[in-house]
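*Asks:* Sharing a structure below in structure tokens format, with a few things to ask.
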Amino acid sequence: MGRADPEEGQLPAPVKPPDGGWGWIVLFGCFVITGFSYAFPKAVSVYFKELMKDFHVGYSDTAWISSIMLAMLYGTGPVCSIMVNQFGCRPVMLIGGLLASSGMILASFTTNIIELYLTAGVLTGLGMALNFQPSLIMLGTYFDKRRPLANGLAAAGSPVFLSSLSPLGQVLLEKFGWRGGFLIMGGLLLNCCTCGAVMRPLDMGMKRKMEKAQDKYEAKEMLPIGGKSEEGISTTDGTKKAKKAKKKPKKGKKLLDFSIFSNRGFIIYTISKFILVLGLFVPPILLVNYAKDTGVPDTEAAFLLSIIGFIDIFARPACGMVAGLKWVRPHVAYLFSFSMLFNGLTDICSARASNYTGLVIFCVFFGISYGMVGALQFEVLMAIVGSQKFSSAIGLVLLIEAFAVLIGPPSAGRLVDALKNYEVIFYLAGSEVVLSALFLAMATYCCLNRGKKKEPPPDKNPSAGGGSDTEEAESDVQEAEEHSSDNHQPAHSTDNAVVVASEEANHVAEEQSGEGGGCPEGDGEVLARDGCNADQMVERDSF
């Protein structure tokens, strides 16, 4: 995407993340958004029985509501990236909150299942997608050193909201029916607009003030005489304006940056994540039915998911704290690989669990490993592509994951219907997760770490377009200082030399204006779009 300018509607230029302050408010908003995005599609399942009675449909028909929500959350990733790059995070989140809320409110007035698909499924799913992705982008801009911890805390919103929205939905269903429950749920989703309102971009005003103060200070240092201070300030300002005029024109804005596919780390991450999603969500989806088939009562079988959620709440922030340690953070990709390996081996080892105790042990270890994966997945992506390209990267990754989500769980369900055996499904899901872990670790070591050792150190060239706006401002100030020092050099001798040099400069300028406005050549000269007049004025003022 390159650097984006706020006045052009893109993301603000990179500023040093505060790692605190208003960032904690942004973190809380991201916590709420993550909770709604991941927990809401599962929480609406408490209304499915009533929907089946009213609309005379089967369970698979009502289950499509949650599936459409998740498909919109993952599949609209590129659309979200384009909107964020075009309009910014806050407006997109406000629109997303309105869409999510209006979808559930309209769903309370529907008369058939197709209308539910379009309102609760498509509209609400799109609204949550427009909230989820920008919230992660804002989290990455406000946190750098504490970013692993921030990602872990934000990811904890998923199990917290899942453990609260499902009981709340049951209470609303009993008191108000499914229509009243949908209406109230739509009102709750308006909190996404509140979360979007607090996602203010990092203020650029302070940086501009600091640059202006630095320019004035440098001008006073170059011209200590009081009468010449204002001339020095105007000279420096004119020099900076001339430098900006000299810069090449900006290219068109990239709404979706496909250049990230040239990043080998991003390719490795994407392939690994696709394989991971094929098997990651299968065990929790089939766990309750698996427990019932082994003779576990319904209430105790449902409690197994609560165990996973409870462990998950503490596993995500704890893993974020570990990932933020100085000796761990440079190797966070390997920690992510370990968490996936842990999760896959948990699935494989628990495939033969035949009693309730064995299933409880499985839920404890699965909750730990699942929380580790959830806390690290976006942290690793941010570390690979950086905050400036994260908006495009996450959109493309979610789109690719959408295909895996549509392939993995439905295929597992068909295999259960065909084989009538859950053991094979757990082996298969665990093997896919283990494969993704091994691929990420080996590819990272072989393709990235060894490649870094062979590659020469990068050439730090500000003109390459990789530096920040702060670095460009510093280079402009430095060049302006050199230019001013070159022009002021004759003035440092004596007052007579200043007078003689000024008269010579005026004489040369008059001769050139008479000859047709030719440009004087010399060191420290600044070219402007308006021709040589700007150069002559700068040179005169400098004397």
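A Cβ is built for glycine as well, from the same backbone N, Cα and C atoms used for every other residue.
Curation does not apply to TrEMBL; its annotations are automatic.
Quick paste of what TrEMBL says about this protein:
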TRANSMEM  21-40  transmembrane segment
DOMAIN    23-448  domain 'Major facilitator superfamily (MFS) profile'
TRANSMEM  63-84  transmembrane segment
TRANSMEM  91-110  transmembrane segment
TRANSMEM  116-137  transmembrane segment
TRANSMEM  181-202  transmembrane segment
TRANSMEM  266-291  transmembrane segment
TRANSMEM  303-325  transmembrane segment
TRANSMEM  332-353  transmembrane segment
TRANSMEM  359-378  transmembrane segment
TRANSMEM  390-412  transmembrane segment
TRANSMEM  424-448  transmembrane segment
REGION    452-528  region 'Disordered'
COMPBIAS  469-479  compositional bias 'Acidic residues'
COMPBIAS  487-496  compositional bias 'Polar residues'
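Have a look at these and tell me how they're positioned relative to everything else.
*Replies:* Residues 69, 73, 93, 100, 124, 128-129, 131-132, 135-136, 138-139, 142-143, 150, 153-162, 165-166, 185, 189, 191-192, 194-196, 198-200 of the same chain lie 6 or more positions beyond the ends of the transmembrane segment (21-40) yet place their CB under 8 Å from a CB of it.
Panel annotation: around the transmembrane segment (63-84), residues 11, 37, 40-42, 44-45, 48, 51, 92, 116-117, 120-122, 124-126, 128-130, 132-134, 137, 255-256, 391-392, 394-399, 401-402, 405-406 of the same chain, lying at least six beyond its termini, place a Cβ under 8 Å from a Cβ of the stretch.
Long-range neighbours of the transmembrane segment (91-110) within the same chain, counting only residues 6 or more positions beyond its ends whose Cβ lies under 8 Å from a Cβ of the stretch, are 33, 36, 80, 83-84, 116, 119-120, 122-131, 134-135, 179-180, 182-183, 185-187, 189-197, 199.
Residues 260, 300-302, 304-305, 308, 340, 343-344, 347, 356, 359, 363, 366, 370, 373, 377, 380-381, 384-385, 393, 396-397, 400-401, 403-405, 407-409, 412-413, 416, 422, 425-426, 428-433, 435-437, 439-440, 443-444, 447-448 of the same chain sit 6 or more residues outside the transmembrane segment (266-291) yet have a Cβ under 8 Å from a Cβ within it.
The list of residues near the transmembrane segment (303-325) in space but at least 6 beyond its ends in sequence, with Cβ under 8 angstroms from a Cβ of it, reads 145-153, 155-156, 158-160, 162-163, 284, 287-288, 291, 332, 335, 339, 359-360, 363-364, 366-372, 374-376, 379.
Through the fold, the transmembrane segment (359-378) approaches residues 136, 148, 151-152, 155-156, 158-159, 273, 276, 280, 283-284, 287, 290-291, 294, 296, 304-305, 307-320, 323, 332, 335-336, 339-340, 342-343, 346-347, 349-350, 353, 394 of its own chain, all at least 6 residues removed from its boundaries and within a Cβ separation under 8 Å.
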